[in-house]
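A.B. asks: For reference, TrEMBL lists these features for the protein:
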DOMAIN    11-85  domain 'Cation-transporting P-type ATPase N-terminal'
TRANSMEM  68-84  transmembrane segment
TRANSMEM  90-108  transmembrane segment
TRANSMEM  254-271  transmembrane segment
TRANSMEM  283-305  transmembrane segment
TRANSMEM  693-716  transmembrane segment
TRANSMEM  754-777  transmembrane segment
TRANSMEM  822-845  transmembrane segment
Amino acid sequence: MKPASTPSVSGWHLRDARELAREQGVDPAQGLSEDEARLRAGRHGPNALQETSGRGLLSLVAAQCKDFMVIVLLAAAIASGVIGDLSDTLAILMILLLNAAIGIAQAWRADRAIAALRQLAAAQATVLRGGHLETVPASVLVPGDIVQLEAGNHIPADLRLIEVAQLQVDESALTGESVAVAKQSVAMSANSSAFLADRLNMAFKGTVATHGRGTGIVMATGMATELGKVARLLDTAERSTPLQRRLAGFGRRLSIAVLGICLVIFGLGVLRGEGLLPMALTAISLAVAAIPEALPAVVTVLLALGARRMAAVHALVRRLPSVETLGSVTTICSDKTGTLTQNRMQVELLLANGRQWVPGDSLPGVVHREALLAAVLCNDARQSGGDTPGDWQGDPTETALVRAGLSGGIDKAAMDEALPRVQEQPFDSGRKRMTTVHSGAHDYVAYTKGAPESVLPCCEARWTPDGPAPLDSANVLEQANTLAGQGLRVLALARRNHPRLPDANALAEVECRLQFLGLLALIDPPRLEAADAVRDCIGAGITPVMITGDHPATARAIAYRLGIVPERDAEVVTGVDLASLDDTALRERVARARVFARVDPAQKIRIVEALQARGEFVAMTGDGVNDAPALKRAEIGVAMGKNGTDVARESSSLVLLDDNFATIVAAVREGRRIYDNIRKFVRYAMTGNSGEIWTIALAPLFLLPIPLLPIHILWINLVTDGLPGLALAAEPAESGIMRRPPRPPTESLFAHGMWQHIVSIGLLIAGLCLGVQAWALAGGQRHWQTMVFTVLTLSQMAHVLAIRSEQTPLWRLGLRSNLPLLAAVLLTFGLQLAAIYVPILNMIFKTEPLGPQDLGICLGASSVAGIAVEIEKAWRRRATRFRADARALRHPCASRLR
Ligand code: ATP
């Protein structure tokens, strides 16, 4: 069904492309000059859709004021001020203001960090400027720019196409039409339909090239595009992460419990004869301090800061939740070419007519020359236009072929001119081959290159200068196998003469009855860091799996070299095997198989699903259009930033800016660190709150007066929760972080004894406070309240230093390994001393200066909290010491990895 879109007034589709280019003042062979592009950018603005604006300062302030408990506290403080002490009210107001300011700063920082990440993930475009091809952010395109499109590209602006090669575009985002549209470059007739979907020579912003190539001239950018007109901004960014949602839900339940406790405290106080208003203020202050309303915001900050650090190690997080889920990955399915290998292809040898040629040697015969000609003509590498004329850009396989051609005396640029390409069947990883047709002096010649199993069935003979000769395909395949077994990438080359230009749409006609030329073997060395990354994975309980479009023997050889499989003759599951396995059988196979070869991208999704059915948590890499479904299906879709397509990036949650397998492992490590730090923050904040509640709630049981004034409670909440909590984001990774198994995704944030810790250390802190209170009261000290106030603040500082690691003792971590935290602790300590010793603050906080002995007692009592955590850690160390090693030893590759 055609969508009912309003015909546009532009009518570009009716006009000749060259004429439009003239009108736009651009030469399609050169593009705009940089100066002209800058001028136009000033006139037209950035090529971006106006986003629904982020949260402004006002809405952040409003969000803070909406907090119900803060409003109740304000009301109570004002009421008590009206009746009695106005200075109390003012002090409470001040602290609440400061608290709100910190809350706003946290939310603002989270928003900024997320916006910065979005910026990094922005789409790119290939544009011709001043005769050079450049990759630029799509936002800098201006009308008149000449843009190149390839399968997998997002169309960056509204383009009038001037050249297409089998270009197909998925316009469903704009028109609702789900079938990809085949594009053309010729002008359409005046009486053709004006529906967007029918403008075959236009490509619209927001749609996606799914096949072929094309070049277009930018006619409209930003809000002037068709997409801008319908203003349909596809904002897929998720507002909150699962962890944040879980925390928010938990916060609500906890708030109810805290309110209940505060009510009981209030009731007990009143029963004991305390004043109604002071008691109400105490109870409400406690509720404000103990309700963890800031948890979700702090978690966002920790995740976003973590995501920024990941970007620095070349892992760009597109969806914030994946930062927290990365730590749960149990299987990483990775491409081979470029991810595990260097993608620095080099032709090792050419085997033709029974003789080998190695680049650097002189060519042994005409067949070799013809094979090299096929390799450089059936080739999309482009001259980079840089200062060195010999520089070629494009697929590394193809640029390697151009270099090999040159060393055999065949110059691609000259050959492209002598035998211009008139038609092509682009490479796609499903067919695993490509063909180009070139016009010669009297006829046409088609060259094909691709995977041997894909090209040989199309060959009927062997090419020789004297005419076709018989071809022994089985023997050639055997030779290809032998080369692949050495880890080489093998391509077969073939050709065919056509007296007339074949029909471009009849694939079967173009790629049949070919004459075989030879086999080319390329070397693509494994990445140096990949073997270490594989070893890290295995140690961390993560299974690395290779899924490649390459030959099974090549895949196996590389997998063995990297330690992915333990034996040279390890099992390899091929795409053909996959097709013959039903889902149950596949589930069995994926339990053992570590290498999948000659796999179509479309088959990747079955592998992901089979792994998931076995309970695995899968990270899957991909770069092409067809990889998108598998990337979306995997828990963590990982796209290539350098060589990947926009579509793959859009479907992924993580983009590797360096296309490197080791970066995935680094991201997993970082994800584990961030999750650990979130747990540390929750552990710290909740234990502090629990200490405050127990202190106030238990005092009456020991017949002690209420230990703290409302202002003390609010102050403690202010100085302890804000800075030290956030500084935990800078905590380095735990030492054995990659030697423990992945965290089950459903595991509670409070697992591994966190609840027990919160309750017991909270009780200990309360015990210390009440002990000091009782001791001071018994000694007739007037400043007993100042001492309790100090112990409660400083014991939280001792606690935060001790919980920096779940296992390693503080003296081994060293204070300098987290300088922001050290600074936060020292600052809090200083502020607390100020509250005790600065006269004006004595008035506000109703404190009294402590003598050296009393201060010493406070310090001693506070450090007990830290010592208790150290004892708990020592006990935990004993329990887990040998677990990780035992697991690594169980892995089949362990003996080779040691
Ligand atoms: P991976 O999936 O690990 O990235 P790959 O690059 O080998 O590996 P594909 O790009 O799907 O996967 O390529 C599959 C096969 O197609 C290759 O093994 C090769 O034989 C052939 N091939 C790759 N690139 C080209 C090309 N530019 N022209 C012709 N054939 C190619």
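Glycine is no exception: its Cβ is also placed from the backbone N, Cα and C atoms.
Any idea what these are sitting next to in the structure?
C.D. replies: Counting residues 6+ beyond its ends, the transmembrane segment (693-716) has Cβ neighbours under 8 Å at 77, 88, 91-92, 95-96, 99, 258, 261, 264-265, 268-269, 272, 274, 278-279, 281-282, 284-286, 288-290, 762-763, 765-766, 769-770, 773-774, 777, 785, 788-789, 792-793, 796, 835, 844-846 in the same chain.
Note on the transmembrane segment (822-845): residues 87, 91, 709, 711-712, 715, 719-720, 723-724, 726-727, 786, 789-790, 793-794, 797, 800-801, 815-816, 855 of its chain, located 6 or more positions outside it, place their CB under 8 angstroms from a CB of the stretch.
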A.B. asks: When you scan the chain for residues with a C-beta under 8 Å from the transmembrane segment (254-271), skipping those not six or more beyond its ends, what do you find?
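C.D. replies: Counting only partners 6 or more residues beyond its ends, the transmembrane segment (254-271) has Cβ contacts under 8 Å with 69, 279-280, 282-284, 286-287, 290-293, 689, 693, 696-697, 700, 706.
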A.B. asks: What parts of the chain pack near the transmembrane segment (90-108), using Cβ distances under 8 Å and only residues at least 6 beyond its ends?
C.D. replies: 55, 57, 60-61, 63-65, 70, 73-74, 77, 81, 281, 285, 294, 297-298, 300-301, 710-711, 714-715, 717-718, 722, 726, 844-845
